[in-house]
Amino acid sequence: MVTIVSPAPCLRCKIVVNCTNPNTISLLAALENVMKLYSIRPVMNLSTPTNISMYFTLYGILGVHTGIVRDANPVRVVSSCNLEIYTFPFDVQNCTFTFRSYIHHVSDIRIILGRKVEDILKRSISVLSTKGEWELMDIKSSKLKLSTFNQGESNPYDELCFYIVLRRRPTLYVVNLLIPSCFLITVDLFSFLLPPQNVDRSSFKMTLILGYSVFLLIVNDLLPVTGSTIPLINVFFAICLALMVASLLETILITNLLVGSSNFHPVPGWVRVLVLRFMGTLVWLPQKSREDKIILNPVAGDLKVCPLVTVERQVQKGEPGEMWAEAGNSALAELRKLGNELQSIRLQVAQHVDGNQISQDWMQVGYIIDRLLFGVYCIFITFSFIVILSIWSNSYNQ
């Protein structure tokens, strides 16, 4: 029994051979199952050299080889990149493909651009099969030479980067997200034209809020859930919902002021200054000045009143006697009673006028707040439309 260790390619580099029949044929038969025999010379005796005869015919000289190796086998590369979704659905993404060797340096392998970037872009657009949500806009390239230091020696290697610019097609999201939201906001805006004292505006606004909440739940699957920032469209939806809730609370406040303002305390001074004076002027609802109106009865002007002083003097002089004294006393008592009644009537009228003035002040506060929120609504919708149109236009100009 002999143990052989061979440098030739084999399945097990250490084998045991039976030497009962020591010849070349027996050796090859023993090594057939454990060694790749194509590496062994096809001779009967391994000590005999193998003679190889070679000849060729030269048909032409094509040129001198430049050392370029072409590997034309297609490779499918699946890559991912971070999305900047702040301007969703009008976002433009930039994905990077980097090709380099981690083993071989510039002295071994040099990576160069095989085609022009314009040709790569045209070819990619012509054969692009995924024409769905994304649109290929541009392809750019750059070549870098990075260096690593090993024992004080610089070992540079090539790096080739491709920058792929993609743009999202926003039509689907504009039709399914922005336009319905703008419709609901516009309806809520025009609900301010409903008179709160005659129409139940709060029920109408509550229905709008419920409809908008259902709308957000339905379109939640269309909104992006991954990204480094919060999309601007999410902020837009949140502000729209906040304005709807604020308008509902303001409607409840207005209704409360219109119904129960007669039982409220007078308007505080800071509310009178802040709301009635400054905000009222801002929304073109200035505070009306109080006017004391005295209505004169023309019939009462022709009546003649008998002076009581004369009666008292006549009674004191004793001209008509006791009858005049009794008449004077009864007249004075009736007049005093009438004066007290007139005084109470005057107090009631003054209290009623003051109550009406307090109610009018609180109602004026409610109207000013209502118009102020209406103005904020108009400004927000106008600003939102301007921002959306500018971002949309900028995405197409890139």
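Each residue's number is its place along the chain shown, starting with 1.
Using the three backbone atoms N, Cα and C, a Cβ is placed for every residue, glycine included.
When averaged over the domain 'Neurotransmitter-gated ion-channel ligand-binding' (65-170), pLDDT in the model lands at 84. Taken from TrEMBL, the feature domain 'Neurotransmitter-gated ion-channel ligand-binding' applies to 65-170.
What TrEMBL records for 172-194 (among others) is transmembrane segment.
According to TrEMBL, the domain 'Neurotransmitter-gated ion-channel transmembrane' annotation covers 177-386.
Summarising the annotation, TrEMBL assigns transmembrane segment to 206-223 (among others).
The transmembrane segment annotation in TrEMBL covers 235-255 (among others). Sequence-distant contacts of the transmembrane segment (235-255) (same chain, six or more residues past either end, CB-CB distance under 8 Å): 181, 184-185, 188, 191-192, 196, 201-202, 205-206, 208-209, 212-213, 216, 366-367, 369-370, 373, 376-377, 380, 384, 388.
According to TrEMBL, the feature transmembrane segment maps to 267-285 (among others).
As annotated by TrEMBL, transmembrane segment applies to 372-392 (among others).
Non-local neighbours of the transmembrane segment (372-392) in the same chain are 87, 90, 170, 178, 182, 185-186, 188-189, 192, 232, 236, 239, 243, 246-247, 250, 279, 282-283; each lies 6+ residues outside the stretch with a CB under 8 Å from one of its CB atoms. Residue counts for the domain 'Neurotransmitter-gated ion-channel ligand-binding' (65-170) under DSSP, split into helix (H, G, I), strand (E, B) and coil, are 11 helix, 42 strand, 53 coil.
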